[in-house]
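In TrEMBL this protein carries:
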DOMAIN    41-292  domain 'G-protein coupled receptors family 1 profile'
TRANSMEM  27-50  transmembrane segment
TRANSMEM  62-87  transmembrane segment
TRANSMEM  99-120  transmembrane segment
TRANSMEM  141-163  transmembrane segment
TRANSMEM  211-229  transmembrane segment
TRANSMEM  241-265  transmembrane segment
TRANSMEM  271-291  transmembrane segment
């Protein structure tokens, strides 16, 4: 492979779990289980919301958006990760790598946006219950959904497009089982300061801003709930937020942990970085359907109803 090649002819090599290549087949078993759980769990929730008329409400429409982004996130990494573990197919072309990176980032940013929309939904439901249905109409929810997709696409297209200008004259070996933006930039022999700045701006203005607004929504929710007179009403109001708080925690905690590990835990064995990076993208898609099925009575009923109807 010639050095300093044009970007379109480059082939990158993805990495499984460094030092544990002999155990790839065994390592694939828990990952397969996680993928099956994520894909089936989110599909069942989506199917429940689409088919059960009782779930045609704003809160569940937002949950269906969350399930859609979780399905997208799972599928984005599935092909390359299982390809490495099962068939040792490590090669990925530059354009395929760019596409995978774009979709992983897009679904991450969309998940963050959906969690913000859900925080707004809970705030309106608790602070203004009588006007809830008139504020969050079906058309407004559809507009929010379109805005979430457009926002993610506009923010991330420059970040991915700017990688096209880089030349790669060093190693072509990536350190993850999927294309990870900082990973690709590290291999470049061109100055990547613009790429770093654009990437950082995209993530701060989406995931960063969303996290602050979600926190602000919860400050307002807590203030509203505490002004409610009876303890029963307070408990009921808080209980409608538990699932969402869980979803926010399992999205942001792994994301922040991964950033910290990459920056500060330099002496960690290579496989630790890889395992954390591989699992961080799978935690929200696996856990969200479980949290919502356990904590939300209407979803639990709908899922049980669907599973029972399949048995009969």
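Indices start at 1 and increase along the chain as displayed.
Heads up, the Cβ atoms here are built off N, Cα and C, so glycines get one too.
Of the candidate ranges 27-50, 99-120, 141-163, 241-265, 271-291, 99-120 has the most C-beta pairs within less than 8 angstroms of the transmembrane segment (211-229).
Only sequence-distant pairs (6 or more apart) were considered; of these, at least three Cβ pairs between the transmembrane segment (241-265) and the transmembrane segment (99-120) are under 8 A, so the stretches are in contact.
Panel annotation: around the transmembrane segment (99-120), residues 59, 62-63, 65-66, 69-70, 72-73, 76-77, 80, 92, 144, 148-149, 151-153, 155-157, 159-160, 163, 178-181, 184, 202-203, 206-207, 210-211, 213-214, 217-218, 221, 244, 247-248, 251, 255, 281, 284 of the same chain, lying at least six beyond its termini, place a Cβ under 8 Å from a Cβ of the stretch.
Averaged over the domain 'G-protein coupled receptors family 1 profile' (41-292), the predicted model has a pLDDT of 88.
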